[in-house]
Amino acid sequence: MRIAVICFCLLGIASALPVKPTSSGSSEEKQLNNKYPDAVATWLKPDPSQKQTFLEPQNSVSSEETDDNKQNTLPSKSNESPEQTDDLDDDDENSQEVNSDDSDDAETPDDSDHSNESHHSDESDEADFPTDIPTIAVFTPPFPTESTNDGRGDSVAYGLKSKSKKFRRSNVESPDATEEDFTSHIESEEMHDAPKKTSQLTDHSEETNSDELPKELTPKAKEESKHSNRIESQENSKLSQEFHSLEDKLDLDHKSEEDKRLKIRISHELDSVSSEVN
């Protein structure tokens, strides 16, 4: 607590002291200002006459430079005579002609070299690609893939078509074969296709039998259904007749009972009336 009180006291004393504005500048300038204030003021504010004295030599130097440039750019007509100018023109024309001749000479060997190169290239092309050797095109026919025709409705016709295609492909594969080779090839294919044909025929016969069986079964089923319908209708008619007969019997019984009751009532009434009369 004591330390805090001491610090607050010091801060209050420091804030109470007057603050002086700091003057900018070095110590030497401060001393000069204090000793010779008038001289410093005149040094900081020079006269306009002094400025003109400083600018005059600069203007003279720049004017001399511009004069030199003009003399260099403009041709001196007074020193040169018309004869000298003509000689200079002739020299220029001769130099241009010589330069053009040199350029033509330089271009001509290039053209000759280019023509020689083209000639050599034509000869090399002719040597590389001779036209005497005939070109033979190699033909590779696709190999046919055998597939079974089981389970097809048109298996017989499909087998005949595939057989004709095989014959054509065999002709394409062996164009130079003899007739004997061709006949042997056909016989081997027929022997190979014989079991396939028999299996195809059996499949076809089974399919036809399976088609005929449902055709035969359909009229029988229709007859049976008709017979069953007739029997049911007859039974229904019998049941309805029996039911009606029972209803009639019940009605008759009910009527008979009512008649009996009426008769009894009438008899009682007659008895009562007779008793009263007596």
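Numbering starts at 1 and runs along the chain as it is shown here.
Cβ coordinates are placed from backbone N, Cα and C, and glycine is handled just like the others.
These come from Swiss-Prot:
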- 18-278: region 'Disordered' (REGION)
- S24: phosphoserine (MOD_RES)
- 49-63: compositional bias 'Polar residues' (COMPBIAS)
- S62: phosphoserine (MOD_RES)
- 71-82: compositional bias 'Polar residues' (COMPBIAS)
- S78: phosphoserine (MOD_RES)
- 83-110: compositional bias 'Acidic residues' (COMPBIAS)
- S103: phosphoserine (MOD_RES)
- 111-122: compositional bias 'Basic and acidic residues' (COMPBIAS)
- S115: phosphoserine (MOD_RES)
- N116: N-linked glycosylation site (CARBOHYD)
- S118: phosphoserine (MOD_RES)
- T131: O-linked glycosylation site (CARBOHYD)
- T140: O-linked glycosylation site (CARBOHYD)
- T145: O-linked glycosylation site (CARBOHYD)
- T178: phosphothreonine (MOD_RES)
- 182-196: compositional bias 'Basic and acidic residues' (COMPBIAS)
- 203-235: compositional bias 'Basic and acidic residues' (COMPBIAS)
- S205: O-linked glycosylation site (CARBOHYD)
- T208: phosphothreonine (MOD_RES)
- 244-271: compositional bias 'Basic and acidic residues' (COMPBIAS)
- S256: phosphoserine (MOD_RES)
- S272: phosphoserine (MOD_RES)
- S272: O-linked glycosylation site (CARBOHYD)
- S274: phosphoserine (MOD_RES)
- S275: phosphoserine (MOD_RES)
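S275 (phosphoserine) sits 29 Å from S256 (phosphoserine), taking the CA atoms of both as reference points. A distance of 27 Å separates the Cα atom of S274 (phosphoserine) from that of S256 (phosphoserine). Between the C-alpha atoms of S256 (phosphoserine) and S272 (phosphoserine), the distance comes to 24 Å.
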